[in-house]
């Protein structure tokens, strides 16, 4: 068993410089999956080279795609839609929840057996929300531990198209059903009451799928996908991940006299919740050189240290920032006044019970906070005095690890995390990037 690698962050002064954040994790997974399904070659620039993404790439190779890496360019020769091969051994997704769930949707309709396994953290994450619609489509599931990994899917001879209303806002559920619809005759419809990140819809259209979106007066989206489309390989330029950018953004806002620029960051409307919330708190964040890359909105972010005040974050905003709440909680700890985060029960089924672990980490660093089943209230002091000094147990959660290292850059006393290794699942360059800007982590 590998040894844990603790890491400590110390109070830092003035972050400055320009960095380019790694590629967006959501788009990286989807690029590999759709590129592996499409006919011809897909060229991917700027892919996130992290453990999670490598695991999805390995799964696509096991299912018949050919993937070649040439420097920063990834070239995929896809199987063609409907032509995946049966994997010869279980698909091991490590910690990659997105990869596992999306590939379950993709392979579910294939008349073959596919087994999914993962690490200890992923094996605790519920899969029922993906498996329920797949069962309605005719997929049989064999799982020894309830709706958790390891599990095996047995695809039917003929898949049923479904009309499925998503019970909880989830881009992964929506995407898994749409990917299943690619190899299903007829029209598959997903009803989405609350908008979640829409990369799958945009990319399906770009690859050639016949997909239509309707919206009613209440804002509910009806996404219709015609089955068995011909998908054609594309050239994809992946913008920087806003979920990773969250950490240097919060650090620069909180550390006095900081002024940093983060280049080429995705600013898709369905991913802007954190920046909107920080603006409400008083953050100086400018969107510079706004442009479009591959159908996605992109900008450079200039971030200057700011005096923040507490706010209430409505539950409706949660889907657009679900991965950024740990970073927001750090900002809230140093803001003036109370910050209330509502409708965040989804955090309980992330890499850890992220809501509980976040509250515990704040408390051992002397932050006054209240945790509820679906909310977190942080009482900010408006200063770093008396904060920090804690040893945070990260529970194999990369976002908890990065959040409390950022906390330690700001707090009066150093903060130590028990293990830095899982940071590689989403942001391998995190520590050197922060050090490059002037942050003290060792």
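Every residue gets a Cβ built from N, Cα and C, even glycine.
Features reported for this protein in Swiss-Prot:
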ACT_SITE  323  active site, proton acceptor
BINDING   25, 97, 125, 172, 354, 399  phosphoenolpyruvate binding site
BINDING   25, 26, 30, 170, 172, 323, 350  3-phosphoshikimate binding site
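Residue 25 (phosphoenolpyruvate binding site) sits 11 Å from residue 323 (active site, proton acceptor), counting Cα to Cα. It is 8 Å from the Cα atom of residue 399 (phosphoenolpyruvate binding site) to that of residue 323 (active site, proton acceptor).
Restricting the recorded positions 26, 30, 170, 323, 350 to those with a CA within 10 Å of the CA of residue 97 (phosphoenolpyruvate binding site) leaves 350, listed by sequence position. Neighbour counts were taken at the CB atom with a 10 A radius for the binding-site residues 26, 170, 172; the maximum falls on 26. DSSP assigns residue 125 (phosphoenolpyruvate binding site) to coil in the three-state reduction, outside any helix or strand.
Sorted by the number of other CB atoms within 10 A, the binding-site residues 30, 350 start with 350, the lowest. Max Cα-Cα distance over the annotated 3-phosphoshikimate binders (25, 26, 30, 170, 172, 323, 350) is 19 Å.
Among the recorded positions listed here, namely 125, 323, 354, 323 has its C-alpha nearest to that of residue 170 (3-phosphoshikimate binding site). Cα of residue 172 (phosphoenolpyruvate binding site) to Cα of residue 350 (3-phosphoshikimate binding site): a distance of 12 Å. Within 10 Å of its Cβ, the residue among the binding-site residues 25, 125, 354, 399 with the fewest other Cβ atoms is 125.
When Cα-Cα distances from residue 125 (phosphoenolpyruvate binding site) are compared across the recorded positions 26, 30, 323, 350, the shortest belongs to 350. Long-range Cβ contacts of the residue listed as 'active site, proton acceptor' within its own chain (separation 6+, distance under 8 Å): 243, 246, 350, 399.
Mapped onto three states, the DSSP output places residue 30 (3-phosphoshikimate binding site) in helix.
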